[in-house]
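What follows is a short report on a single structure.
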Amino acid sequence: MVYRTHNLGELRLKNIGEVVTLSGWVDTKRNVSTNLTFIDLRDREGKTQIVFNNELLSEKVLEEVQKLKSESVIRVIGEVKERSNKNPNIPTGEIEVFAKEIEILNACDTLPFQISGVDDNLSENMRLTYRYLDIRRNKMLNNLKMRHRMIMSIRNYMDNAGFLDVDTPVLTKSTPEGARDFLVPSRTNPGTFYALPQSPQLFKQLLMIGGVEKYFQIAKCFRDEDLRADRQPEFTQLDIEMSFVEKEDVMNEIEGLAKYVFKNVTGEEANYIFQRMPYAEAMDRFGSDKPDLRFGVELKDLSDIINNSSFNAFSSTVQNGGLVKAVVAPNANEKFSRKVISEYEEYVKTYFGAKGLAYIKLTADGIASPIAKFLSEEEMKAIIEKTEAKTGDVIFIVADKKKVVHSALGALRLRIGKDLELINKDDFKFLWVVDFPMFDYDEEEQRYKAEHHPFTSIKAEDLDKFLAGQTEDIRTNTYDLVLNGSEIGGGSIRIFNPQIQSMVFDRLGLSQEEAKAKFGFFLDAFKYGAPPHGGLAFGIDRWLMVMLKEESIRDVIPFPKTNKGQCLMTEAPNTVDEKQLEELFIKSTYEK
C-alpha cells in the first residue's frame, strides 16, 4: 500500500491533473452544502484542502466521510484541481484535491482539547499531560523544527571548524559542582552509586589531556535543583573544549558559531555586536551577572550621599559596610499606584531578603515620598541629580548588604522594564560578561564556594595574590555569553597546573584526602602533560527559548518536566516495588 505520493505542503498548480495519494490528520471538516464536504488534511509540512463531491462518490466513501472526526488519520486518493476560491495564507492555497477514495487509518476519540486554532484557556498542565497532542499544534511543531535546525547548524559549524564529536559517560562518579547530583544505585556494587553528570566538565578536560584538541558534544546533563521557568532537571548542552587557546580564541570561535546558528534558525543575517563587560561592572550597573541590555534603567549608588545622613536606616547601612542604591522607573508616577509599589516592596522582601523598598515620586506638584521628612533638602537634591530622575519618574531605593541590594534591584529593574514596556522584544543584545571572581563566600555555610566552578584559571594579574594566600577579589579567565538577560553559555580557560588546582580545592575547604577521593583520577591526569585549554557550554534549551521569544523553556523541549520535576504524561517520578529496592540494597526512610 502506498500511503502518500506527496506531503500536504507540496502540491502546486504544476500538479493539476495528477492523481495523488495523501495521508494525514483531519484538521477541519466543513459541510458546505448537501453535496460538498471540505476537509483540511494536515501533516508536518502543511495543509491541503480535500473536496468530497457526493454526486461523484460511492456510498461506501460517503459513509466513511460522514464518520470522520477531527484528528482522525486518513488516506485519500484524488485528482489535483485548481481552486476557485484561493487561499493566499497557505502554500497549497491555489489547488485542492477532489477525492475518489478514502480510508480511515485510525479514528480519533473525543479530544481533551482543541488542536487547531488558538485555545487561550488551555492550561500548561493539560498540554504536558497530553504532550503528544500538544506537539501536533503549529507552535510546538514549529519549535521542534527550529530545534532540529539549530542542532544541525551547530553540528555543521563544528565539523567545518575541525571539532570532533565525542560522547562522554552518562553513568559517572558523584563530584558535586554546586547543585545536587541525581544518584543511580549500583546493583552489582552494593552500597555504591553512580551520578548522572551535571556537565561533562571533567571528561572534556581529560579529552584535552588525551590529545583530542577540539571537542564538542550535544550532551544531556542533570541537576537536582529548584526549578524556574528557564530551568529543567535534565537539559541539553552544547559542550565545547579546545587546546592551546587563550580567552580570545574561544570567544571568537563562539561568536562565529552564534552568528551562524542565528542565521540558519531565524533566516536573518546576524550582524550582532558582542559587547564585553567585567563582572564587577555588570553587578554595579545592573545588579546582575546577566544584564538585559535592551533597555536602560541602571543602578545608581547613593552611598556617598547618604553616608553621613541623619536618616539612620540609610546611613547605618553604609557605615556597616552595606550599600544604598537606586533605580529609576521613567514616567511611572501615574502608572505606579500605592498598590503597585506595595507589590514591588513585597517582591524584594520575599524573594531577595531586602529589609524594605523606599520610593520617591517626582510629581508636577513636587516630591511625594514617605522618606522625604528624613532627608535634608541637599540630600534629596543630590539623590535626584545622581539618579538623573525627572518629573514623572519614580525612584526606588534599597539599603542593605551588597548582595541583597544588587539581587533585589537587579530583579526589580527587570520587572520595571516589563511593566513599563521598555523592552524591545524584537531586539537581540549579546554581551560577554568576563572576569568573574574565583570565590564567593557563603554566609549560611560559612565557607567559600567557587563562583563558576573550581577548574577555572586565575587571571595572571591576580595569580600572585592568590599564591600569597588572598581569597577575596581574585578574578578568573571566565566569559559568560548573555543574550537578552539570559545566560546562554558559560566558559573559562581552565587550570592545567596540578599544584594550583590542589590549592583551589584547599581554599574551597576540601582536605587533601577529600580532593583525592573526589578528584584523584583528574589530578593524576595532570601529571602527564596537560595542555593549556579552555571551553564553553551552551544551554541549547535556553538559547533556543530566547531566539524564539518564548516565555518558558518547556515550550522548546519535546517532553519537559514541570516546576516540580514531574512528567505529567508518564507520571514520573514514580514509586517502585520493594523487590526492586531490595535488589539495589536500598530501603526508603520516607514516611507519607
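Indices start at 1 and increase along the chain as displayed.
Cβ atoms here come from the backbone N, Cα and C positions, even for glycine.
The L-aspartate binding site annotation in Swiss-Prot covers Glu177, Arg223, His452, Arg494 and rests on sequence analysis. Under the heading region 'Aspartate', Swiss-Prot lists 201-204, citing sequence analysis as support. Among the features that Swiss-Prot reports, ATP binding site is placed at Arg223, Asp224, Glu225, Gln232, Glu487, Gly539, Ile540, Asp541, Arg542.
Sequence features, as recorded in Swiss-Prot, placed on the structure.
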residue : record                   : contacts (Cβ under 8 Å, 6+ apart)
Arg223  : L-aspartate binding site : Ala179, Arg180, Phe182, Gln198, Arg231, Pro233, Phe235
Glu225  : ATP binding site         : Ala179, Arg180, Arg231, Pro233
His452  : L-aspartate binding site : Phe436, Met438, Thr476, Thr478, Gly490, Ser492
Glu487  : ATP binding site         : Asp289, Lys290, Asp480, Leu481, Gly539, Arg542
Arg494  : L-aspartate binding site : Gln205, Phe455, Thr456, Ser457, His533, Gly534, Gly535
Ile540  : ATP binding site         : Arg147, Met150, Ile151, Ile218, Phe235, Thr236, Gln237, Leu238
Once the DSSP letters are reduced so that anything not helix or strand counts as coil, what is Arg223 (L-aspartate binding site)? coil
Around Arg542 (ATP binding site), how many other C-beta atoms are within 10 angstroms of its C-beta? 22
Please work out the helix, strand and coil residue numbers for the region 'Aspartate' (201-204) from the DSSP assignment. 4 helix, 0 strand, 0 coil
